[in-house]
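Before any comments, here is the structure.
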Ligand SMILES: Cc1cc2nc3c(=O)[nH]c(=O)nc-3n(C[C@H](O)[C@H](O)[C@H](O)COP(=O)(O)OP(=O)(O)OC[C@H]3O[C@@H](n4cnc5c(N)ncnc54)[C@H](O)[C@@H]3O)c2cc1C
Ligand code: SF4
Ligand code: SF4
């Protein structure tokens, strides 16, 4: 499965991945025109400083056993069995914030403009390379083929594929 | 990753075959990832609390600067730097003219007709040509050095009347040009101005100073020193380089410096020196805008000027031919990347002006009193280089370019060509044979599709729609090297424009030469407007700097906007992070000067929009 | 293998999926009292008129079909015959099994209040039928009393208020949402609710429901003597697991069905999951019921896997987490809401819409409340659940993100 791997030691903290994400999910799709002041919402990824003040780029893991999917009361969140991606159907979302409460990594948030539904990384829906990966000048976030062996947690044994309820 | 491509296929092939040479073309893919904050102009490094960037979570800088303030500051700084470059050029030109007038130089004045005209029209006076030269130069320098609250004196005489009036009323008349630049730096420093509107108006004043002095006045002074342009057919492209000669490549923007080689290389001593080195003689190889300038005035030095090879981004390739023996540079568009190629091809570099000092170049500070000695050193260096390097490098000059490029167009030569008045051109426009005029100007970059891709593609589309194209800047290098400035290009034009071109024997794209000649285009436009009795924004004329590259281009653009013209850019000038600044430049300004910016990165939609503007303006004139 | 599942909600359907992941051929039968598959959590949306009952389905239309399961809706299991390995239904049918999952959830708890069973307009809010009944009883202008200011009570109150019903919440504790929020966060909601015209009475209890001659509700009487006229009462005083069918069986129960970490009951081949069971909860380390949706889904999944022969434990069994939103103000909380004694440090910060509070003991988070700005809340939840040192105190606590704990496995997954 294709996943975004993170190499924080390469991150320059330029936030270009965030600009790229914002652009990808803005009406024009263009980095020139994306509203960085918030008019097009917030990026779905983030770059945060760790306790040593070094930048760490963070994006959704599309977990093996996604807690957001488990917590979702409407079926808006699901794990696509074919791609392994955790998908969010805005139309079904009730904005109950069970997923925000449950993602241990803080990777799903209330959408910043309407604040009525959640938003998360959608792996740029069908784009060959996610926009953030393309935009990273240092290779701190990169695409890799992985064979998931563990869950997103200290799960004993092997967790089989989880599709979620929707 | 694919290497960047050019609109010029021969150039692509040449570079592909020289895989051992790294040029800017190779560096495009590894630099493909751009910083989004930089692109939008919302990264601020003005203080140690920064760099601050605008994001939805951080909508203001630490100091409270809004995206509007950041963008306006960055923009004004860029325009100020660009204006400074052109003002440096005119300052040097004026100093040289003054020194020639004072008898401190051996250089003759080849354009005394123009000098006399200006002494009258600008009322600078003088009893003889020398005094006239000194007076004119001193008046120009005096204006440049005025404090900012003293308006420059020559503006009224240099500007088109209705424009001057509008600028006066709008508070847009520039004070001393250097002070305008200086105060732009003050304004945009840490925690000074935060007013985007004031900063944009300041940019317009810098644009006016740039246009009237940096561009137009530089042209005039160079015409006086080196002779006025004459329409002629010339060779262009790498094909002008003859490997049998000692070839001195020139890059920059200051013919007032590089021009000293013209006569010197024709002297008997030069011939001897070349022969001793084993060469047939010396040749100047034109490149970038200074080459365009020489091409424009090549009627005054036909033997020594081999011709124009190309624009800013062909310079590295030109060195890579191996046939260049020395690079002399005096200003920008001398890419740092050329240094590695020079080292590889064993080509020494000489700089005449420390503002363009290259790391591995020898600095020969220009002094108008020492032109012979300087020219002598350059010749010596070139001849020695020829003798030393030719056996160690492979020379491979591709067959490239055109033999029948129409050059030498200027505000005066075009008018003379038309019979002394713009009336015939106006008639053609009125009749619809020519839909309108597009001034395609500025630089080349490697990002708007690739090298010259947008410029060439857009120009082809414009002429197809019967819009005649006038070019000034690196666009000229692009367009002549793909044949659009040769008469045969008439075939590519729309039916009516084609007819016009065939009957006059001209190509549909007219070569005004360097970016400095944007000043000539403005004068041409003003002449046409005067003939029609209207102000500039009324003309069915647009200006496009599709592949603008540098800060100078932004200063040129600011001039165009002050003139009230519609200005197209394929790449936004790092302003889109501010709704306010973008709004003013693309819309609001129309109510102030009549000018506005259109940003469009797609060739077809650009030409659709530009054509619509032209049709609109035609309608406004009742056409 | 014959699987029988009682309940077609979060836990039951999650088990169906899990079984199918491991056993492609087994026979799966699902019984449910519910005639329709829906998410109970969305009932307030329906009550408020924001969602159609049909839009509460939380699995795709063809879910059961696709998973090869037979479903009998509107069928109630009445008795469990462990000896026969069979379940009797109210239809008279008998369903046999090799492995049984009891996922019958819970029902609204009716507290011992005079007339509570007699009054004709006293409802719980647990089933779609409840919503229909409340809607029918709640005309405009007719008052409603909500007994209990917990999440379901406040949900019901807000929904009715939105429909124009005048609502009074009676809460025994000093503020509403006492299990989920501290006083400050609750007061911020109370303030909003009161501005919207709701009445909130705290530190009070309903002692009697007032009825007319036809047993129609006319009001309630409070302990303090005050009476409040109303036309309907919603009992929102907690839930009680649906375990009556286990009468006379050996299946061990406390408040709910006792299960181990594989969701297996004391009787072999019988499993339980969701609101109906009680298990070792991660935060309290005590055996309790865990009546939240995510745990019902997870327990159902674990039960399903183990029924199908795997030996697998859940990711975690963390029940002390809540999320909510009322009138545009969201909140998430975990663990403690107040420091229970000495040895704890409390950090709060309030600005504009946002209120945050963290309770720390020996450098480990024991409680967190985030109101207004809830982005990134889950990280605090994980720290509490996993009982890992926060690595920060004071101001720094407010800015914790996963960057501070970054640890990525080779396959890209994060762990703490
Ligand atoms: C109004 C409301 C709002 C809520 N909001 C939230 C929230 O925001 N977040 C959260 O985490 N939790 C919330 N909950 C709690 C959540 O709904 C439950 O934890 C969850 O539904 C439990 O799922 P379950 O499958 O265990 O049981 P249930 O959902 O109760 O389902 C039980 C199933 O068993 C069937 N059944 C019962 N008895 C029998 C029988 N004898 N025979 C056959 N079938 C039977 C029922 O018909 C039903 O299909 C809310 C609950 C309510 C009522
Ligand atoms: S949102 Fe969080 S829980 Fe859901 S898949 Fe992404 S990282 Fe995992
Ligand atoms: S783009 Fe790359 S280097 Fe820049 S912040 Fe994101 S991960 Fe770091």
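Glycine too: its Cβ is placed from the backbone N, Cα and C atoms.
As given in TrEMBL:
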BINDING   B:35, B:43  [4Fe-4S] cluster 1 binding site
BINDING   B:44, B:47, B:52, B:63  [4Fe-4S] cluster 2 binding site
BINDING   B:253, B:289, B:333, B:443, B:474, B:515  [Ni-4Fe-4S] cluster binding site
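The secondary structure of residue B:289 ([Ni-4Fe-4S] cluster binding site), as reduced to three states from DSSP, is helical. Other C-beta atoms found within 10 angstroms of the C-beta of residue B:35 ([4Fe-4S] cluster 1 binding site) number 17, with every protein chain shown included. A helical conformation is recorded for residue B:515 ([Ni-4Fe-4S] cluster binding site) in the three-state DSSP classification. With a threshold of 8 Å between Cβ atoms, the binding-site residues B:35, B:43, B:63, B:289 that neighbour chain A are B:35. Checking the binding-site residues B:35, B:63, B:289, B:443, B:515 for a CB within less than 6 Å of any atom of ligand 3 leaves no residue at all. The two recorded residues, residue B:289 ([Ni-4Fe-4S] cluster binding site) and residue B:52 ([4Fe-4S] cluster 2 binding site), show a Cα separation of 37 Å. Sequence-distant neighbours of residue B:474 ([Ni-4Fe-4S] cluster binding site) (same chain, 6+ apart, CB under 8 A from its CB) are B:288, B:289, B:311, B:312, B:313, B:333, B:442, B:443, B:444, B:515, B:547, B:549.
Apart from B:253, B:289, B:333, B:443, B:474, B:515, the residues listed for [Ni-4Fe-4S] cluster, the same chain places the Cβ atoms of B:288, B:292, B:311, B:312, B:332, B:473, B:514, B:552 within 8 Å of the centroid of those Cβ atoms.
Look at residue B:474 ([Ni-4Fe-4S] cluster binding site): DSSP puts it in a helix. Between the C-alpha atoms of residue B:35 ([4Fe-4S] cluster 1 binding site) and residue B:44 ([4Fe-4S] cluster 2 binding site), the distance comes to 13 Å. Between residue B:52 ([4Fe-4S] cluster 2 binding site) and residue B:43 ([4Fe-4S] cluster 1 binding site), the C-alpha separation comes to 6 Å. Sequence-distant neighbours of residue B:253 ([Ni-4Fe-4S] cluster binding site) (same chain, six or more apart, CB under 8 Å from its CB) are B:85, B:89, B:288, B:289, B:290, B:293, B:330, B:331, B:332, B:333, B:514, B:515, B:516, listed in sequence order. In this structure, B:63 is the one among the binding-site residues B:63, B:443 with the smallest number of other Cβ atoms inside 10 Å of its Cβ. Cβ-based neighbour count (10 Å, all protein chains) for residue B:44 ([4Fe-4S] cluster 2 binding site) stands at 24. Set side by side, the binding-site residues B:43, B:52, B:289, B:333, B:515 differ in how many other CB atoms lie within 10 angstroms of their CB, and the most is found at B:289. Residue B:43 ([4Fe-4S] cluster 1 binding site) and residue B:63 ([4Fe-4S] cluster 2 binding site) have their C-alpha atoms 13 Å apart, to the nearest angstrom.
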